[in-house]
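Asker: Pulled these from TrEMBL:
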COILED    8-46  coiled coil
DOMAIN    356-567  domain 'Histidine kinase'
DOMAIN    594-707  domain 'Response regulatory'
MOD_RES   ASP642  4-aspartylphosphate
Amino acid sequence: MKSTDSEQEGVGMELEQYRNRLEQMVEEKSKDLIAIQENLEATNRRQALFIKVLQILQLEPDIPTAMNMALAEIGRYTGVDRLATWENHLDGITYGCTNEWCNDGIEPAIDYLRSMTIEAGKPWFDMLEENHIICTSDIYSLDPFITQMLEIQGVKAIAVFPLSQLGVHFGFLSFNFCWNKQWDEKDVELMSQISQIVSTATKRWQVETSLQLSQRTMQKVLDNINANIFVCDYDTQKVLFANKPFREEAGQVSGNAECWKMLNAGLNGLCAHCPKPQLLDADRKFTGVHFWEDYNPITERWYTIQSMAIKWLDGRWAIMELATDITTRKQVELELILAKEKAEESDRLKSAFLANMSHEIRTPLNAIVGFSSLLAEADDDERESYMSLVEENNELLLNLISDILDISKIEAGTVELIITRVDVARLCREVISTCSHKKHEEAVGLRFDESSPQIMVDADKNRIMQVLSNFITNALKFTTKGSVTLSYRLEDDGLLHFCVTDTGKGIPAEQQHEIFSRFVKLDSFSQGAGLGLSICQSLVERMGGQIGVNSREGEGSCFWFTHPYTLDASLDSDAVTKGGEQVIKIVSRNYKPLILVAEDIDSNYLLIEALLRKDYRLLRAHDGNEAIDLFNTQAPDLIFMDMKMPGMNGIDTVVMLREGGAQVPIIALTAFAYDDDRALALNVGCNDFLTKPVSPLELRRMVSKWIGK
């Protein structure tokens, strides 16, 4: 029994021990389960934090707002007093705080932490660049500058984690505690994981921002390129991109707009000149850049275009075109072509002109030389006929030379106008009187419309007479019966309108636009070099007017030109008199006027003497001094003054005569035929002007004009 009791007692003790061990094991397992559960809950909370932070960073479109929201979630979870992100600046020498979250009762510090020099806290910065984590509860163990900055913020403990991607450091994340925080491995692991999330998001934002900046920069560059650029889908022709110049010409681009709708109105498909088939081969492989030119009827401009196939952002094929406006170049090319054609036509006309000029010069010379040699052998009747023919051909030759001189002055731009006060009606009567002696059909009447108003105008009298004489000469040449009438009128627009109307054969409509061109003769068999009307056009335009012709074939023509109607108060009566409007008349019918000829060349004097001795008495002076002496002793009625003489020249002689009070008419007689020579002679006191060689008819008219016959 005792043995049995002892055995039972031993079993009981074993059972108690086993129960104790079992309870101990249960307690230990319970603790393990609690720890596991706590770890699981912590992991779940951490994962929930990561998920929420990632959602914020990915879904919130505004980057600063997203970062501030993420820092707030992280800050509340970790219990940190201040959480901040920092970024290195692009200058490489500064960095700054970009975002900050502060716990309750903590003053923000971001405003004075936005820009700090790397050099000031270089040891600290170097550690972060080498991807070292800084985690300390003793801020006084850090770089003095950093310690000072943390003291200002009231920081007692700090953990700093580098922000980097692919080994490139671009900032850091700082956890600040205003109490003596003690770190464990879990804390460091959590903050490290948070820093990786922030680092990835920050880098993504930087890349996106940089990409957006690059896109904006590229857009700005493309918008400022002086060319139209657009990209469209290769298959659908939907416009994917268009720069500013293209949008301004074609209008704003919608997402569904086809390129052909914007480039050419009214089309329902690809443009006929579309380069699409040439940009990809049968295997849809790139074939190169296609260059071509095109005219756009919408913009009415020419373009040179570069077209090519490119891979778009999403990998599909697209067509890119760059069109440069070459309208100005096309216009220049057209102008060059026209100028070339005009130059070739001008060369052709000039060649024809030179050939014709040889004929035109030789024809009167042949008559002059031939009939001059017959004068000595001819009787009186034949001599008179021969002299008439010589005189007629002299005039033809002089007119030809005058035209050539005028053309040379027009080409050189040296045409000058001598403006005087002109009686328009009187000027027209003089033109009619002069032209009435020209050879023309007896059945043709030459008249001046006396109903034209009495008008004075400031103008170059000689140039107006030159144009009117040319009009009348041409009219007489091509009119066989009827009349040639000179008229003028004052228009409401303040222009004098001169017109020479004839009843001749008229001008075909298709030839009227050529009539004022140089070297053009509508009748190749008529005399003349084809320069007259071209010279008239240049002179009229130089005087500020316009020139034209109205004509119907078989009915006649009206050649007209306009002249500004102006009166200048500075042109006084002396200027008019000096310009040749004063006439000294000889009263006695039996009186034979005395003419003094100042001329040093014998042949020139003998010609004047032969022409005038029948009706006038003549004196000769060989130089200016002799002319003054003869004037003082003989009192001539008229003086012909050669401008170029030995000793005292003609200009100085006229000045001395006028200063001495001489009122006698003085006619300048010179081989200098330019407008400035005429102006100089008239300004010093000459009343009129004749150029050598002298036409006998013109010489007699000049004398008759000033002292009568």
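Including glycine, each Cβ sits where the backbone N, Cα and C put it.
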Asker: Taking DSSP states H, G and I as helix and E and B as strand, how many residues of the domain 'Response regulatory' (594-707) are helix, strand and coil?
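Answerer: The counts are 54 helix, 24 strand, 36 coil.
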Asker: If you draw a 10 Å sphere around the Cβ of the residue listed as '4-aspartylphosphate', how many other Cβ atoms fall inside it, taking every protein chain shown into account?
Answerer: 25
Asker: Sort out the residues at least 6 away from either end of the coiled coil (8-46), same chain, that have Cβ-Cβ distances under 8 Å to it, and list them.
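Answerer: Same-chain contacts beyond the ends: 77, 190, 193.
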Asker: Over the domain 'Histidine kinase' (356-567), what is the model's average pLDDT?
Answerer: 82
